[in-house]
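Only one structure is covered here, and it is reproduced in the block below.
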């Protein structure tokens, strides 16, 4: 019987004046645990959801049940005994209709826990934690044509419940409205949209038709056949989404049918059958031998695993509220999404909780690593691996314990998300640790090798570079592997140091190769300096000896001394011998570096190119215009001033100065074209520089070539031929050099000519006759006197010998020099005497006035004298 509710001041504004299920906890009612003893209102008639649903579940000890609970809903027409049926099946105390008033009793949706647990020792007992929802009936006069709540409540029941009990009377079978076919059609249409949201899982529900007032006249099988046919036709008429046109109702729903006797006419049978029906609400399994399409249904437990919505009990309240919010706001209901939202809500909460502990364990390491990277000094963190492994295991295990009961897909996704977050941070730490170990290892390796090399050099320069590299490489690898293995995290796919170890080995090899190249560069530099020193000496000697008759250049070809024709052959042979010796030195030393054949080839190739550059630079140094002109003059003077025996010539008027000059000049001029091009005498062609240097090795890097000067005939891209590379003097330089040499040679010739003319005394012929006439007596006196005669004879012999030895010129020059020196010495002594005596000082003062007057005349005289001398010199040159 319905009771009157409290006054308006005491009840909720949304509560009706007549109390329905007044002994239940309704929405807006406040009370203690006793008010939830019989159940709770989930949704009121105004479509308001009860936020205290979770409180009721906690009081009934359902919240910690996890998945060990079941939800049943009942719907059907109003006043058909739905609440009565639930009370008999589950021992609940839902309010029932007053038979005297025939009005609506259940308003909204109410929920109660199963009060019938059955015998614990019985083989057949009801399942634990059965939650029963009593849904407001349809087709009531109170709602009239407003079927909105009917559809929403039915959809809510279908979306949340495993089993939907459809309560109908036997005489309503075959009817459309009486059998709630219109409502089922709407539910089916919307439900198809729900199933489309999750194509990986087909959610099934059980529609349990309880046929009331079953008298048995029409067999139950015929009734269920009629209902199935109606449901199938109803299914065929609904609009199906794309891809589900050929689907059947059995793809989404299972069906059970049970007939109950008339409660008023057969009360005992009704109670008995209701008890039997109640025992059906237990866990069961699908019987593969029964075909639902043929009307064969299992009579065992109705709670099949596929019916469960897999919503943990502690999240059901939040899930149901979300479902109702979707329904009441006329949004497309998406059950998988709602389940995912619930799971996401709970998993997010759990995730945040477990991440707090993770942060406490890891953040300090992250900060320290970030700081070391910021300052540019990566540091290997001690104890990182232990902390990472412990934090990961604890975090993932805690999340699994709390969140694994929720929607599998969401749990897996959130678990993957958590694992992703954890692994992302741990992976960053892991790679940061390996990066620090990598960088510090490379740095330490390079420093250790350099230190060992320097130590070896200090001890005497004898060290095995390859042995040093191998030792330090092994040490670096052991340190890196120790750090990497101590940082590995079990179970993490990214926790693998194989790639990093491979990269570390690769970079060690690259650094080793770079250090080896640097060491070989230093070796090459030392060898190049040695080549430069050797070539500088030997080539300098050849150029110094160029064309010197005394040194052999001007000697005949069949003589013991080399000729000028094979000058470049000697230079090239010296060059080849020197470089070959340098290559042996380089190869022998490079073998201790464990250098590859390719590296040695590159080193030798560079050495040959560098050596040619040294030779070319030395030749250019020797061939500087001033140096070359001096060498040509020396060459000319050696041939002009000295005879074939190397004796200096004393020019006499009778000597063939012009012939000797011409031969010496022409011989020297032949040296200029010889020196202008580097050609071998034996082949009359430039040396095979391109073959001697060889092709660029395939392993040569741009760094190996960047400091090399281009060589004509070898580097084709330079556009310079071998002939151009071997050209030492251009045509213009040759012509200029020839002109300048001829001028210098002419000067030497003029000097020689003057020397010959200056030694000749011009005595008139009549002087000899006058001398004979006037000195006849003296001549006879000398001839008759033996002493005079002997003295004259000795003087004549001395003069003859002097003449034959061509010593008159030197003797005259010596005499002139001695007399000049005596004159200068006399002038000096006279000046000292005049300055030291009074008489001398007075004489100097008297001559000072006269000197000023005569200065003009003196300058005029000196200028005239200079012009006269210049005119005489030009006349002498014209005469020669």
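Keep in mind that glycine also has a Cβ here, set from the backbone N, Cα and C atoms.
Features as listed in Swiss-Prot:
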| type | residues | note |
| --- | --- | --- |
| BINDING | 76, 77, 78, 79, 80, 81, 82, 83 | GTP binding site |
| COILED | 496-519 | coiled coil |
| COILED | 856-880 | coiled coil |
| COMPBIAS | 856-868 | compositional bias 'Basic and acidic residues' |
| DOMAIN | 66-320 | domain 'GB1/RHD3-type G' |
| REGION | 1-22 | region 'Disordered' |
| REGION | 836-880 | region 'Disordered' |
| TOPO_DOM | 1-762 | topological domain 'Cytoplasmic' |
| TOPO_DOM | 808-880 | topological domain 'Cytoplasmic' |
| TRANSMEM | 763-783 | transmembrane segment |
| TRANSMEM | 787-807 | transmembrane segment |
Three-state secondary structure, residue 78 (GTP binding site) (per DSSP): coil
Candidates 77, 78, 79, 83: member of the binding-site residues with the richest Cβ shell (10 Å): 83
Among 76, 81, which are binding-site residues, the residue with the most C-beta atoms within 10 angstroms of its C-beta: 76
Beyond the flanks of the coiled coil (496-519) by 6 or more, those residues with Cβ under 8 Å of it: 431, 434, 437-438, 441-442, 445-446, 449-450, 453, 465, 469, 473, 476-477, 480-481, 484-485, 487-488, 593-595, 599
